[in-house]
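Under the heading transmembrane segment, TrEMBL lists 16-35, 55-74, 86-109, 130-151, 195-215, 241-260, 281-306, 341-364, 384-404, 410-433, 445-465, 519-542 (among others).
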Amino acid sequence: MVGTGGPVPTFSVWDYVVFIGIVVGASGIGLFQAIRSRKETSSEEFLLGGRQMTAVPVAMSLTASFMSGITVIGTPAEAYLYGTAFWLFGFSYALMSIVTAELFVPLFYRLRITSAYEYLEMRFSRPIRIIGTSMYIVQTALYTGLVIYAPALALNQITGLDLWGVLVATGAVCIIYCTVGGLKAVIWTDVLQMVVMLVGFVAVIARGAVVQGGLTKIFEDAGEGGRLDTFDFDPDPRKRHTFWTIVIGGSIMWASIYSINQSQVQRYISCRTLGHAKMALYINMVGLWVTVSLAMLSGLTMYSIYKKCDPITNDDVATSDQLLPYMVMDILADYPGIPGLFVAAAYSGTLSTVSSSINALVAVTMEDFIIPLWKNRTEKQVTWLNMGLSVFFGALCIGMAGVASLMGTLLFQAALAIFGMISGPLLGLYLLGMFFRTPNSIGSLSGLLIGLALTLWVGIGAQIYPATADKTNPLLLTVIGCNSTMSQNHTTQPPWTTAAPLTTLVRPPLADSWYSLSYLYFSVLGVIATMIVLLCFLANLLQAQHTKEKIIVQGIDNNAFTEFPPEMLSKDREVITKL
């Protein structure tokens, strides 16, 4: 019986057929784009689609790039465990889209750059550019490892698909169409994958509504379970999700992703006009709203079905990431091919993000490291090197999936925290460069490194000493309606909220204060720290310069330089005064 716990069916033959068919279709789009553009082999064509893309496919690609497999299976679990506060990210997406479209898109588009980090050399110096690019490469490799590992683990334990087989297949498929098709292949494949993700969510919600007797019943159950208490105006920055952490912290975090992250910048600068680039951001905003809303509805559907028998407490699944695949096999197994469609949806999210990451990593490596040092190159050599780097980074991302296995159970949160820790300081550097005329290389480097040190300190500390339940606010779950239970306690809090392997560690005083800072504020911390350090450096520099000028002027006024004629002293005083 649905929703009462116990084993669920595994994949049928038709599920495998649908799943493999969609993956092959995605690869086919990449190969088609490669054949279609076989005569256009320039680096700009490979990395930017010849700067001839239009708004709608770019918008769908922007949405798919960060609506990864982690989002497909992690966001519904968020609604199931913590309620609908995550829905407030709709405000964050709107603010992020406006800032990016009106501030950063015109800057990058008019500079006609390929790498977002070229701006750092134009504004500051080449070492700053190299550091910025290196930070991006580390961030993207870690994030992509999570994106590959989390869905593969969930699908392996629920559907029986081999874990490392899924990991290697993911990298291989992405390598194929990234290598031969470039950005055009990535964008058009993302369009297909975005459609598959949305259809997968709709199928889950529709079947869940039928099982539960309609959407009204689902919302009634969610309300009774406290899942609809969306607004929490507590200003405590240590609480994981409140109105303020999501709207303020979330807006800055997503701005750091869309405004300066190469994976996103590379898409909107590939548009044929500035108008198309801006429009892509606003269409993307709507796409994010739709995707997150469907994901949240899927989570509420899941709670309605399992409100009396929590699969984790009942030991039916091991982690929260397996909840949605478990429900899919529970309620859709009687419809051969539909579970395969959902798995393809989660897998499509993974493919879109991994392919975007590979393409962006190739772009920054070529533009920021290789091309400036390789003067005597031919277009054919550059093309072959682009392809070789695609293979290399695809293999690297598969390898980073092993690192992701060490990052605990809240992989969705860990993925966003990575962006906050690294992109936050970078965003602060960009903002200073854009709005202040005086920042120089030494001050910028100092601000960037100190901001990065602070965010890494709090971020790594939070991973080692996770916040306690009073900060994360997990909602109550029960196993009172299960066919068989694993314990005598019928009403519990989720066991993963205190990070099982690490609870034996003695918690230092910072664990419940500094390390408990909401992961959404990591980016805010990075931006503020970078800007404050740099502005303090500039203030000290200007004060020193002012003191030096004051001494010189006083010396002139006191006739300290009697060996100079009066007319020269007068002229010097005039120049110094203008300084």
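Glycine is treated like the rest: Cβ placed from N, Cα and C.
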Next item on the list: Select the range from 55-74, 281-306, 384-404, 519-542 that forms the most Cβ-Cβ pairs under 8 Å with the transmembrane segment (130-151).
Entry: 384-404
Margin query: Should anything in the same chain at least six residues away from the transmembrane segment (241-260) have a Cβ under 8 Å from its Cβ atoms, list it; otherwise answer none.
Written below: 62, 66, 82, 85-86, 88-89, 91-93, 95-97, 99-100, 103-104, 116, 231-235, 281, 416, 419-420, 423-424, 426-427, 430, 473, 518, 520-524, 526-527
Check: Do any residues of this chain, six or more beyond the ends of the transmembrane segment (341-364), have a C-beta under 8 angstroms from a C-beta of it, and if so which?
Finding: 11, 15, 18-19, 22-23, 26, 47, 61, 64-73, 114-117, 133, 136-137, 140-141, 143-144, 147-148, 151-152, 154-155, 159, 161, 166, 170-171, 173-175, 177-178, 182-183, 185-186, 189-190, 192-194, 196-197, 199-201, 203-204, 261-263, 266-267, 325, 328, 332, 386, 389-390, 393-394, 397
Margin query: Can you tell me which parts of the same chain pack against the transmembrane segment (16-35), counting only residues 6+ beyond its ends and a CB-CB cutoff under 8 A?
Written below: 169, 173, 176-178, 180-182, 184-186, 188-189, 192-193, 196, 337-338, 340-341, 343-344, 347-348, 351
Next item on the list: Please figure out which one of 55-74, 195-215, 281-306, 384-404, 519-542 racks up the most CB pairs under 8 Å against the transmembrane segment (86-109).
Entry: 281-306
Note to self: Considering only Cβ pairs within less than 8 angstroms, which of the stretches 55-74, 384-404, 519-542 has the most against the transmembrane segment (445-465)?
What the structure shows: 519-542
Note to self: Give the nonlocal contacts of the transmembrane segment (281-306) in its own chain as ranges (CB under 8 Å, at least six residues past its ends).
What the structure shows: 2-3, 55-56, 59-60, 62-63, 67, 71-72, 75-80, 84, 86-87, 89-90, 93-94, 96-97, 100-101, 105, 194, 197-198, 201-202, 204-205, 208-209, 211-212, 215, 217-219, 221-222, 225, 227, 258, 268, 323-324, 327, 330-331
